[in-house]
Every structure is written in C-alpha cells, then in structure tokens.
Amino acid sequence: MPKRGNRRTRGSRGGSRGGSRNLLKNRTRGNKRKSPSSNTYNRLSSSQYQELMDLDSIYIPNGEMAEVGRNMGRRRYGKLAEEAAYTESHRYEDFASKTFRNRPIEFIKAKEVYDPNVILHKLTQEKKTQYGDIIDEEFKSISLDDSEADSEADDDDEEEEEEEEEEKDGQEMENENETDDANEEADEQSSELWNDEEEGDSQEDWDEEELRKVLDKKLVQLQKELDLEQDVGIVEKNEKDIIDKEDKESDVDDSILNADKENSEQFVNIGKNQSEIESEDEDGDEEEEQDLDENNDFEDDSDDDLDDASIEDINGEEFAKQNDVSSISYLDENNIYSEKLSRDESLDSIPGSKNVDNSSSLEEITVKSKPKDLVKNATNNFINCNERTGKDKPESEPEYGFLEEDYEFDVSKIEVSNVRFGISNQYYVKCAELTGTTVDEFFWFDEEDVIDYVLANGVKEHRLAKFLSFVTKGMVGGNESESQEDLDAFTIDVNGLDDDDESDDDEDDDEDEDENKFASGQDDYPYDSEDGLEDLIAYTRNSTQGLVPMLDRDFSRNIPAKSRSTFDDLDIDPDLQSSLTRQLKNYNHNKREKRKARKDREVEEAVLRNDMLIKYPEKILIKEIRAEFEALLKDESRHSMSFPTLDSHGHHTIKNMADCYHMTTDKCGKQGVRHYLKVSKTKSTFKYFPNYKRVNAIMRGRPIFHRIDRKPNPKDKKTKTISGRGSDSGGRAKFKEGDIVGAEAPEIDQNNLGRQMLERLGWSKGMGLGLSGRGINEPIVAKVKMSKTGIK
C-alpha cells in the first residue's frame with residue numbers, strides 16, 4: 001500500500017504532523033489567480049516598518065566614513081525612472097568602464113593658428129646684434145599663405161627689402177646719428193607691419209615647407225656675413241701677436257749682447273756674428289709680415305715661418321752652449337740640464353774652446369762642437385725621460401688595476417714577498433706556472449724571467465712598471481732616493497771626460513770616509529747595559545706560565561670581559577684594582593640604563609605608529625587583541641592593522657574576532673614562521689554594530705598567545721630554577737671555570753656510619769681502598785668546565 005505522504009511534505013493530504021507547501025491554496029477564496037507563493041511580507045506596505053528601512057536611524061560613527069555609510073546603497077537620483085534614463089543615455093559615453101583602445105578619438109580644429117614668428121621675434125629681441133634689425137624685418141616679412149603665387153610675390157618683396165636695408169646699413173656705418181634715426185623709423189614701420197601681418201595670418205593657414213625654405217635662405221646669408229667678420233678679426237689679431245713676438249725677441253737678443261760685452265772682450269767677433277744672425281732674423285720677419293697681407297696663403301706661410309724660427313733658435317742655443325761665460329745651459333727651454341760656471345774662469349775651461357780661434361766664423365764653431373753637443377743632448381734626453389717617468393707618469397697614468405687591459409692577466413697566479421737588488425734583481429716568487437711544480441712555496445727568480453713570464457701571459461709592456469709596483473706592494477720604485485741615485489749613475493760629466501783618474505781617487509776617498517763613519521756608529525749602542533734585566537727576572541719568577549709554550553698553557557681561568565666584575569686575579573696595586581672595579585661597575589650600570597631607555601623609546605614610537613611587532617615582542621593577551629580591534633574601529637585614519645605571527649589557534653581566534661567586528665582577514669607572508677594576519681575594514685563595518693555577545697564568549701577562552709617567530713627570552717628560563725636544599729635564596733649553587741668539585745668539603749667525621757664500617761674492616765686513615773690497599777690513596781680531582789675551548 002503506497003504511503004500517503006513523502007518525507008519532505010510530512011503528510012501533504014491533511015496530516016496533522018506537517019504542513020503542505022500549498023496550504024494557502026485551499027483557504028483562499030475569490031482571487032484564485034494570485035500567486036500561491038505570496039506571503040504576508042509582500043502584502044504589507046513598507047510604511048509600517050519605517051524604522052527598520054530608514055538608514056538614518058542606524059548608529060554610524062562621525063567623520064568621512066560615516067558620510068560614506070549614509071550614502072551607501074542610495075540611488076544617484078531620487079527616482080528609478082531618472083536613473084534608468086541616465087544609464088540609457090550614457091551607455092556609450094561612460095569611458096570609465098571601457099578600455100583605452102575602445103574609446104573614440106575626436107580631432108578639434110584650433111581656434112588660433114600657431115605662428116613661430118612670435119618666438120623668433122622674442123629671441124632676436126633678447127640677443128640683439130648689429131644684424132638684429134635686419135633679422136626682425138626679414139622674419140616679419142615672412143608670409144604663411146598656401147598659394148604659390150603669394151609665396152613668389154613675398155620673395156620678390158623680401159629681396160627688395162633686403163636691398164633697401166643694405167643701403168641703410170651702409171649709410172649707418174658712415175654716420176652714427178643718421179643710423180639711430182633710421183633704426184627708430186625702421187622699428188616703427190616693422191612694428192606696424194608686424195601687427196598687420198599678425199592680424200592677417202591669424203585667419204589663414206601656413207605652409208611648413210615654404211617657411212622652412214625662407215628661413216634656411218636667410219640663415220645661410222646671415223652666417224656668411226658673420227664668418228666674414230670673424231676672418232677679418234682673426235687676421236688683425238694674428239698681426240698684433242706677431243708684432244708683440246718680434247718685440248720680445250729683440251729685447252732678449254739685446255740682453256744677450258749686453259751680457260757678452262760685459263763678461264769678456266774675447267767674444268767680440270762672436271758677438272758680431274750673432275748680431276748678423278739677428279739681423280738676418282729681422283729680415284726674415286719683415287718678409288713674413290709682407291706675406292701675411294695675403295689672406296689665401298696665410299696658414300701655409302705661418303707654418304713655414306714657425307719652422308724657420310725653431311731652426312734658428314736651436315742654432316742660437318748651440319752657439320750659446322759654446323760661448324756663454326756666465327752659464328752653460330743645455331736645452332734650457334725644457335728645463336732638462338743646466339751647469340753654471342764662474343765669471344772668472346778662462347776660455348780654456350769651456351769644452352771645445354782649445355780648438356776654436358777668435359777669428360773663426362760661426363760655421364767652424366758649430367762644426368767643431370758637434371761631437372760634444374751630441375753627447376750632451378743624449379745625456380740630457382735620457383735624464384729628461386727618467387724625470388718624466390718618475391714625476392709626470394704617476395699623475396697622468398693610473399695605478400695598475402684601474403684600466404680594462406690590466407685584467408687580461410690574472411694577478412692571483414703570482415705572489416712576491418721579497419726583492420733583492422744587485423747586478424741582476426731577484427724576486428722571491430710563488431707561482432706554479434713559473435716554478436713548474438705544485439708545491440706551495442716561494443723561490444728566487446731573476447727579474448728578466450719574471451718579466452718574460454708576465455709579458456707572455458697578458459701584461460702590456462707600457463704597464464710593466466705599474467705591474468711590478470703593484471705586485472711588490474711598493475718595494476720596487478717606492479723610494480725617491482733610489483730613483484735619484486739611478487739618475488746620478490747615468491749622468492755624464494761632460495767637463496771631466498779627460499779627468500777619469502782624478503774622479504776615481506775622489507770616489508775611493510769618499511768610500512773610506514763612509515766606512516769609517518759606519519764603523520764608528522756601530523760602537524754607539526751599549527751592548528753591555530743591563531737596563532730592564534731585573535724586571536725581566538721578576539716577571540719570570542712571578543709568572544706561572546711564562547716559560548710554558550702557548551699550546552700547553554691553561555687558559556681555563558681567563559674570565560671574559562662581559563662576565564668580569566672584579567680584578568682580583570690580576571697582580572696589580574690594590575688602589576688601581578679598586579679604581580678599575582669602580583669604573584667597571586659604572587660602565588655596566590650606564591650600559592644597562594641606556595639599553596633600557598632605548599627599548600622604552602622604541603616601544604613609545606611603536607605605540608604611536610601602531611606597530612605590534614615592537615609593542616608585543618614575545619606574547620599578546622586576548623584583552624590586548626580586543627583593545628586593538630576597538631582602536632581600529634574608532635580610528636578613522638587607519639583602515640587595516642597587522643598582527644604578529646602566532647600559532648594556528650591564535651590566527652583562528654583573530655579571525656573570529658574580526659567577524660564579530662564585521663572586518664576581513666588576509667593571510668600575508670610566507671607559509672610558516674613568516675605567516676601573519678592582516679585585518680581590514682569593510683563597508684559592513686560602518687553599517688552594523690559589533691557582536692559583543694560573541695566577543696565576550698571569545699574573551700572567556702584562551703587568555704595568552706605567544707609569538708612563534710621569536711625565541712623565548714633566556715632570562716625567563718633562568719628564573720625557573722629548582723631551589724637547592726637548605727638554601728635561603730632558592731637558587732642553585734654557581735661554579736666558576738676550573739674550580740675543583742668538593743675541594744672545600746669537610747672530611748667525613750668518625751660518627752659517619754660508612755667510616756665506622758670501614759674501620760671495623762681494617763681500614764685506617766691514609767690507606768687505600770680495596771684488597772690489600774691496592775686502591776688510590778687520594779680521590780680523583782674533578783674540575784668545573786663552563787667554556788667551549790676543549791678538554792685540557
């Protein structure tokens with residue numbers, strides 16, 4: 001027999017245990033078309049429940065967020081029809097919901113035409129030149145018409161205006177007063193034309209190509225005029241420089257002639273020859289001045305004249321080397337080498353003077369002095385090279401390692417620890433490729449071998465000196481005295497080429513004097529003095545480990561500086577010991593106070609910026625969690641807050657608390673120790689009141705939550721110590737490093753039962769334990785070890 005009703009309806013045919021879905025269908029009479037799903041809520045009007053539907057009656061906090069809460073959910077317009085009309089008309093015009101590529105683009109013609117003449121006019125007024133008026137007139141006369149006929153007419157007008165302006169410029173150069181009046185009139189006319197053209201051009205379009213052609217034409221013509229003016233100024237300047245140079249050379253030549261006449265009468269003929277050379281130079285200079293008048297060949301003539309002048313200057317220097325009595329200077333312009341002679345020396349002391357007659361010409365003097373001059377020039381050039389490498393090179397050339405080419409060689413392959421100077425310098429090198437062995441040791445190598453190896457493996461030849469200085473760490477080329485000695489060794493004494501024997505004797509005498517000084521200086525040190533010997537003996541007597549090797553010494557009693565409180569273990573004066581102890585206590589006290597003040601300051605700053613990581617460094621209470629939620633709810637400037645990392649139950653508690661305040665939680669950070677929760681406000685936060693019943697239920701749960709991203713404070717572990725028996729303080733006994741366990745324990749009394757038992761068995765004081773006294777007489781010593789230095 002089938003059942004009357006199923007499980008869902010619970011007897012839909014009129015059973016008393018359950019109602020039917022269409023219960024109202026049978027009861028309704030009259031209007032049967034009405035939907036059976038209608039309820040009492042639809043029948044009743046909303047006017048009966050105005051208090052529930054009015055959003056203004058809900059409590060919302062004051063401020064900006066309160067205003068947002070009131071307006072939330074309301075329509076933009078008062079009626080639905082107005083809102084529908086608004087959305088229908090702005091369906092395709094609301095660009096906020098469309099992408100950029102779907103938005104239409106409209107091109108609107110500008111009301112005013114862009115005219116670049118305004119900018120050009122301002123620039124010409126700022127940088128006014130003698131051609132400024134011409135530029136103004138030319139740019140103002142530019143037309144912006146599209147038709148070709150108008151552009152051609154404008155070009156003709158511009159050419160006529162240019163001719164008129166050139167005539168005006170010629171008149172202005174002749175008479176200044178007339179130019180001023182003309183400029184004023186031109187300015188007035190140009191301003192009128194400028195205003196007229198602006199009014200006409202504002203209504204017309206302009207052609208860029210025509211404007212560009214006209215501007216290029218005018219700028220090229222103006223550039224030609226400026227170049228011509230610069231060429232004229234350069235020619236005048238060069239003529240002035242040449243005249244000044246001739247005056248200086250004539251003054252120098254006059255001073256040289258006067259010095260020769262005052263020194264001796266033997267150089268009269270030489271002075272005449274020199275005056276002839278000077279006259280030739282003056283003639284050559286006059287010819288140069290005539291050549292300079294031609295503009296086309298100006299550069300070539302100036303180069304030839306400079307070459308001739310340099311050759312004549314060199315000849316003059318060679319002549320001065322042989323015949324100047326006051327001083328002999330070699331290449332004095334480069335400051336290379338100079339040697340002074342006294343005024344009273346005779347002519348025979350000058351090199352090359354024996355072979356020269358007073359009546360000889362200048363050519364004979366220069367020919368006979370060539371060998372000596374070559375030697376001098378070679379010597380001076382070598383010295384100049386060394387001076388440049390020693391002085392100028394460090395300033396201009398960077399150290400090794402600052403250029404890209406320096407990294408072609410691996411510097412770690414070679415290591416130099418010492419250098420030996422001699423006939424052939426040697427380096428104490430450690431290099432596997434150079435030695436050919438894998439042994440990590442140093443070997444002596446000649447400098448030539450090291451240089452060959454280095455150059456073959458990537459070091460540039462011009463960077464070799466810097467490389468050696470870098471590898472030897474300043475052992476080579478670091479002293480200026482050595483470089484000066486090398487320069488002195490290569491210098492050649494030109495005056496004493498024939499006096500070799502005398503120079504050798506002088507050198508021997510100097511060496512003997514140096515040896516005597518060195519020998520006498522050796523005896524100054526008191527070898528037999530006993531200064532400090534008594535202190536050394538006293539130290540060896542008092543020191544317990546003075547003669548013990550470092551590996552065998554016992555450092556177990558050394559107290560670290562952090563844990564030191566006294567200086568009793570030091571053998572120092574008691575007054576000094578008390579002073580050090582007092583200073584140490586003050587230092588530790590001040591350090592603790594500073595640390596405490598710094599932590600308090602950090603906590604205050606964290607409270608101001610609501611940083612929970614500093615406010616709650618170890619744990620957070622459930623009361624503090626609720627206080628943070630209340631502060632966030634009342635603070636209108638904040639919209640979110642982040643809690644420290646807690647365990648899973650703590651995160652679940654925070655999530656439940658956020659639901660009570662109608663807020664959301666987000667998981668942030670990495671999974672694990674870095675995982676934390678971020679609580680944020682929502683729209684519902686300002687619509688509804690917090691569920692304080694559920695909040696109170698959560699408050700009755702777990703009271704404390706520890707942070708899992710921080711280790712527990714070790715001080716808390718120390719406080720949880722088991723109290724020792726018989727100790728009033730309740731703490732354990734503390735031992736120091738190296739203390740003997742039970743060293744201060746008293747001897748076992750005879751009343752002890754264990755001792756009485758041993759005595760009855762035949763044991764007496766001083767005997768060993770075990771069968772026939774085979775055991776040890778003294779107990780094994782046990783030392784306390786707190787450090788991690790190993791077993792001693």
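For all residues, glycine too, the Cβ spot is worked out from N, Cα and C.
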Stretch carrying region 'Disordered' according to Swiss-Prot (options 343-364, 585-606): 343-364
Confidence summary for the domain 'G-patch' (750-792), mean pLDDT rounded: 82
Secondary structure content of the domain 'G-patch' (750-792), with strand meaning DSSP E or B: 11 helix, 1 strand, 31 coil
